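Asks: Dropping a structure here in structure tokens format, bear with me for questions.
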Amino acid sequence: MALLGKHCDIPTNGCGSERWNSTFARKDELINSLVSALDSMCSALSKLNTEVACVAVHNESVFVMGTEKGRVFLNTRKELQSDFLRFCRGPLWNDPEAGHPKKVQRCEGGGRSLPRSSLEQCSDVYLLQKMVEEVFDVLYSEAMGRATVVPLPYERLLREPGLLAVQGLPEGLAFRRPAEYDPKALMAILEHSHRIRFKLRRPPDDGGQDTKALVEMNGISLLPKGSRDCGLHGQASKVAPQDLTPTATPSSMANFLYSTSMPNHTIRELKQEVPTCPLTPSDLGMGWPVPEPHVPSTQDFSDCCGQTPAGPAGPLIQNVHASKRILFSIVHDKSEKWDPFIKEMEDINTLRECVQILFNSRYAEALGLDHMVPVPYRKIACDPEAVEIVGIPDKIPFKRPCTYGVPKLKRILEERHSIHFIIKRMFDERIFTGNKFTKDPMKLEPASPPEDTSTEVCRDSMLDLAGTAWSDMSSVSEDCGPGTSGEIAMLRPIKIEPEELDIIQVTVSDPSPTSEEMTDSLPGHLPSEDSGYGMEMPADKGPSEEPWSEERPAEESPGDVIRPLRKQVEMLFNTKYAKAIGTSEPVKVPYSKFLMHPEELFVLGLPEGISLRRPNCFGIAKLRKILEASNSIQFVIKRPELLTDGVKEPVLDTQERDSWDRLVDETPKRQGLQENYNTRLSRIDIANTLREQVQDLFNKKYGEALGIKYPVQVPYKRIKSNPGSVIIEGLPPGIPFRKPCTFGSQNLERILSVADKIKFTVTRPFQGLIPKPETKILTTGHEAGKTTRPRRLQQDTWQPDEDDANRLGEKVILREQVKELFNEKYGEALGLNRPVLVPYKLIRDSPDAVEVKGLPDDIPFRNPNTYDIHRLEKILKAREHVRMVIINQLQPFAEVCNDPKVPEEDDSNKLGKKVILREQVKELFNEKYGEALGLNRPVLVPYKLIRDSPDAVEVKGLPDDIPFRNPNTYDIHRLEKILKAREHVRMVIINQLQPFGDVCNNAKVPAKDNIPKRKRKRVSEGNSVSSSSSSSSSSSNPESVASTNQISLVVKSRGSELHPNSVWPLPLPRAGPSTAPGTGRHWALRGTQPTTEGQAHPLVLPTR
């Protein structure tokens, strides 16, 4: 069960457990039992698809119960719990509690209860102990009035307990070393650290004179969030007022230690609450006046990213994150004790904070400083020659930690001890003279007042830096307006030294030895990187002055540098591409086509390490390198047909380009939000295009693995939940298989570059292997000149049977598994330790030569290609009992050993290829059979009917040594031969095998073996009803040809294909509409060309 906030865990007075009596114990047990029963009822209701949300209040405790959705709802709506608690408490809400203490109510029963924050989330006891140790050190330092953290001398304080008084510890806990607490006690201390205060009774150097004094522990009532600051008036402190140190404020300590992820509405709520009920010394009942010495403010505790806390007394929420100092020790501890913690940590925010601390610390080391300095990411991106980053893992570009995912963050932390910054020289002076915001400098237009500019810049910064660390200090936050930093920054600050504000500008006179230039950063972070650090800040100006309203220097900003370079590279690419396709004017390069076909379309002469991408994706360094190598760049087009859609987009002509350049020169400073927004949109379009291409690639490869010619939607979730069922080969190193929407542009391009190598292999079937076919919409018209209307066809008109479609891939895989089983058993029967290909034809000719035992009773042994899916499943279930015994040798043993097709490796290599070829041959035969029937669509070939009547259909164009039969019986060599001769294959229908109406109304016209058993009866009944109705109609009405659903049809079959006009119905004039029920329109069909025997073959076509 989740208890509300943190006020529900501690009794209101500092009374020990000896004051509890049996009445309260029995009452608590009864409440726990009833709440557990209530939770069990919620669990039962959830199984009936009923959602329940329940809040129970008992004294100081709040129980949250219900189904999963109900508990999530209540835990996201904390105000509902608070309101209900206030309502139940009534006017006694703000009154001090003087009665018996209320025991903490925790519902241990009921497995669906939401656990309280922490033991499950922070299972590392060592980490908890270090966090509590940090809390005690900070409180002790504040009690001593020190600005830096002083380790707490546990031995001396425990030996002389009169030196220190501790207030606010949870009920029943005494002050001792953190290592002596159990995990629950450690979590209780961390959750209520904002109430704990240390007080020095005498200076530490006085000696242990008062050894009889005990460490004072005074329980403090923890009130709910809504009135926690207002409800402390009645709390009498047991400590002398003059003894309390003013610096030991719980709010500053909490802001100093912890990082929390608080939603925006919570932050705004706290901002509204705090001013209405400020926490003053008089409210606490402490008579000491407001101190004059400096009290650390929220600005003093700005972290390395310039964030400010949400409020001066913001509470700790349930999810307690590790303190920044613990994260600092994780980053800098040389031992391996933190490596398991890094590998198991999945919280992306904690990992990003660790990497942020790592980068800031290493950058400070490179500057020769002893405290963290924010890394100027955008400066490094715009001027990469100034700073070199050494030790970052391969294929991970240096950029903001907030842009990394969990795998890359872990890889960086694993190499944390080898990562270093090398300062080569000072940054470009033009970067130093830019403005403090992350966007390009914005010039004030004459009609734009400073207030509008401030609002626009603030909005611009919010759009670009939401969710990341702010790059400006507290003075910039004040200029941007109140509440901006708190609403955007979701993390509590880390403490830095106050003097760090004065070292923003860094000048390095003696650069270290140079090394190779670092890889230029990706475009994803260039327009949104930080340019606020390392800039000159006018220290002599007051906070009310707006630094961006003063005049700008004449030098160009980084945006002014990179934009012309991008335009020049864009023009260079367009010109070279136009030269390659043979046009005189520049033509826009179809970058996506070059990415999709890297072997047929590529570029030569690009600098080393630079591939063809849009110029917006390059930084300044790479753009300059491309321009330097402009004479050697050449576009190579091996297959011009791939560019048919891309050559129709000429770029602007010379006059338009000149006018555009003049327009840009006239307004060089109007870049701001709109331009960066357009740049961001272009990057989004590129990424979306790449994702669609990768999605299509995966769908195509998955369809090929299933033996289907059309792309099939990849079931990512089902593949993930069935590991090993689908094997994906050929992906670039370091890129796992997952949804394309989770990849960045760089990984998407890498995937597309190896598209030909990617291969899907389905090893075993699972539910949802193939998605269900969708119903198709067909537009039909019954008469010429009539308005066509859409109608929804029956699913089996154009698609295979639904069950077969769903299990098509499963049948193919099951068949191959049974083959492998038989090969394995045959090899064992021969005394070999490997599978041997079973000679099914020899066994069929000599059935007594091999005896197969262990098969299900109703299944004979034969080629697995002839089994249906049910028999295949039965055989696989009984695979442990299947055994072969060779009675008579069918083939020489040397031939078995030397057969190149026998080894398992050869079969496994050709398994996927054989499945694909087999399906392609099936599609070829279906297509040719449909053409022979005069239809413009494939029709399923009735192989069994043709086998029973081999003279009914003549197949021409097959290779000489290959007879026509079901493609399942062909080996891979014959399948390849048939596909090579596909242009010559042709079918001629000599004798009609089945009613033409069945062919037209059902795309699947298999033999009975291919029809599911549960549908055979329905099909046969339908045929009999149709036959009886037609016969009775023809006998009773002489004009039955015009009034029934069946019409005679004559089909030509003289060595040539049927023409559609000879078999498709033509409208007949009729005297009047038919009134017979169930009849449709009246059609007459004539095909008068005789067959080779001079006979006409009637067909039957039902009409609708």
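Think of each number as a place in line: the chain as shown, counted from 1.
Just so you know, glycine gets a Cβ as well, placed from its N, Cα and C.
Pasting the feature list from Swiss-Prot:
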type	residues	note
CROSSLNK	LYS212	SUMO2 cross-link
CROSSLNK	LYS238	SUMO2 cross-link
CROSSLNK	LYS271	SUMO2 cross-link
CROSSLNK	LYS439	SUMO2 cross-link
MOD_RES	SER448	phosphoserine
REGION	509-559	region 'Disordered'
COMPBIAS	538-555	compositional bias 'Basic and acidic residues'
CROSSLNK	LYS567	SUMO2 cross-link
CROSSLNK	LYS579	SUMO2 cross-link
CROSSLNK	LYS638	SUMO2 cross-link
CROSSLNK	LYS669	SUMO2 cross-link
CROSSLNK	LYS709	SUMO2 cross-link
CROSSLNK	LYS772	SUMO2 cross-link
REGION	783-802	region 'Disordered'
REPEAT	805-899	repeat 'GTF2I-like 5'
CROSSLNK	LYS841	SUMO2 cross-link
CROSSLNK	LYS901	SUMO2 cross-link
REPEAT	908-1002	repeat 'GTF2I-like 6'
REGION	1001-1044	region 'Disordered'
MOTIF	1012-1019	motif 'Nuclear localization signal'
REGION	1058-1104	region 'Disordered'
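Could you place the listed features in the three-dimensional structure?
Replies: Around LYS567 (SUMO2 cross-link), the C-beta neighbours below 8 angstroms that are at least 6 residues distant in the chain are PRO615.
A simple way to gauge crowding: the CB of LYS579 (SUMO2 cross-link) has 14 other CB atoms within 10 angstroms, across all the protein chains here.
For LYS638 (SUMO2 cross-link), the same-chain residues lying six or more positions away in sequence with a CB closer than 8 A to its CB are GLU599, GLU600, LEU601.
Note on the repeat 'GTF2I-like 5' (805-899): its mean pLDDT in the predicted model is 83.
Taking Cβ-Cβ distances under 8 Å and a sequence gap of 6 or more within the same chain, LYS841 (SUMO2 cross-link) has no neighbours at all. Secondary structure at LYS841 (SUMO2 cross-link), taken from DSSP and collapsed to helix, strand or coil, is helix.
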Asks: Within the repeat 'GTF2I-like 5' (805-899), count helix residues (DSSP H, G, I), strand residues (E, B) and coil residues, in that order.
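Replies: Going through the repeat 'GTF2I-like 5' (805-899) residue by residue, I get 48 helix, 8 strand, 39 coil.
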